[in-house]
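Q: Quick paste from Swiss-Prot:
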BINDING   ARG13, ARG14, GLU15, TYR16, LYS71, TYR128, ARG132, SER136, ARG196, LEU197, HIS198  substrate binding site
BINDING   66-71, 81-82, 87-88, GLN110, 145-146, TRP190, ARG200  FMN binding site
Amino acid sequence: MSEHNEFDVAELRREYIRGGLRRKDLTEEPIELFERWLNQACNAKLSDPTAMSIATVDENGQPYQRIVLLKHFDSNSLIFYTNLGSRKAKHLAHNNKISLHFPWYPLERQVSFLGKAERLSPVEVVKYFHSRPRDSQIAAWASQQSSRISARGVLEGKFLELKQKFLNGEVPLPSFWGGFKVTFDSVEFWQGGANRLHDRFIYQRQGDSWHVDRLAP
């Protein structure tokens, strides 16, 4: 019988020193504060500032998380793209409720969105698809996301085969590749604070406006 090692990481901690978030710092619309924080994350040269963890659930209620990149946003929604045969896309076809989380650790900040996802039309998707690097377009064809493969060489071989196939002309949009628009109705902003007295504010949509509450850390 193999032995199982136990790892105690309770002593791994640090203090949060960057300052707090006060009500006077808030904006009327949550997307305005999100845009400000995102710009600050970009200006601070954070790695992948548009990376977000998205959570979905399967038909049995089992949650799954993965990292994707935010590509567009406006005052009501956020957009990401994916393979429509992926696990996340299948989950959203069954239950379109979704959570998106931006962890900006160096800035001691987090932002969480709750909402519902809907598929973008091919017309909406194709413009973004053709703005991607050509090799990324080909990779979208090569990978049947979440399917089982015997070795990485299978994937690389398929990529090279498709690269030759699409050597001349435009790479067409795969029918199995698309995007999702997440319309959000709840946004929480978290800012680290001294002595674990973190600042949390939650925006919740009420008709055409937003109600804001401070939450205990």
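Cβ atoms here come from the backbone N, Cα and C positions, even for glycine.
Quantities reported herein were computed from a predicted structural model and do not represent experimental measurements.
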Q: Taking every protein chain in this structure into account, which of the binding-site residues ARG13, ARG66 has the most other Cβ atoms within 10 Å of its Cβ?
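A: That would be ARG66, with the highest Cβ count within 10 Å.
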Q: So for LYS71 (substrate binding site), how many other CB atoms are inside 10 Å of its CB?
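A: Taking all protein chains shown, LYS71 (substrate binding site) has 14 Cβ neighbours within 10 Å.
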Q: Which of the binding-site residues LYS71, ARG132, ARG196 has its Cα closest in space to the Cα of TYR81 (FMN binding site)?
A: LYS71
Q: What's the most sparsely packed of the binding-site residues ARG87, ARG132, ARG196, HIS198, ARG200, counting other C-beta atoms within 10 A?
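A: Minimum Cβ neighbour count within 10 Å, taken over the binding-site residues ARG87, ARG132, ARG196, HIS198, ARG200, occurs at ARG196.
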Q: Just counting, how many other CB atoms are there within 10 A of the CB of VAL68 (FMN binding site)?
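A: Taking all protein chains shown, VAL68 (FMN binding site) has 17 Cβ neighbours within 10 Å.
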Q: Measuring CA to CA, name the entry from the binding-site residues VAL68, LEU70, ARG87, ARG200 that ends up nearest GLU15 (substrate binding site).
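A: Checking each of VAL68, LEU70, ARG87, ARG200 against GLU15 (substrate binding site), the shortest Cα distance is to ARG200.
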Q: Considering the binding-site residues GLU15, GLN110, which residue's Cβ sits among the greatest number of other Cβ atoms within 10 Å?
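A: Comparing the binding-site residues GLU15, GLN110, the most crowded Cβ belongs to GLN110.
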Q: According to DSSP, which kind of secondary structure is ARG87 (FMN binding site) found in, if we only use helix, strand and coil?
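A: ARG87 (FMN binding site) sits in a helix per DSSP.
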Q: Considering only the binding-site residues ARG132, ARG196, HIS198, which residue has the minimal Cα-Cα separation from GLN110 (FMN binding site)?
A: HIS198
Q: Out of the binding-site residues ARG13, ARG132, ARG196, HIS198, give me the one sitting nearest to LEU70 (FMN binding site) by CA distance.
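A: Closest candidate to LEU70 (FMN binding site), judged by Cα separation, is ARG132.
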Q: Between C-alpha atoms, which of these binding-site residues comes nearest to VAL68 (FMN binding site): ARG13, ARG132, ARG196, HIS198?
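A: Among ARG13, ARG132, ARG196, HIS198, ARG132.
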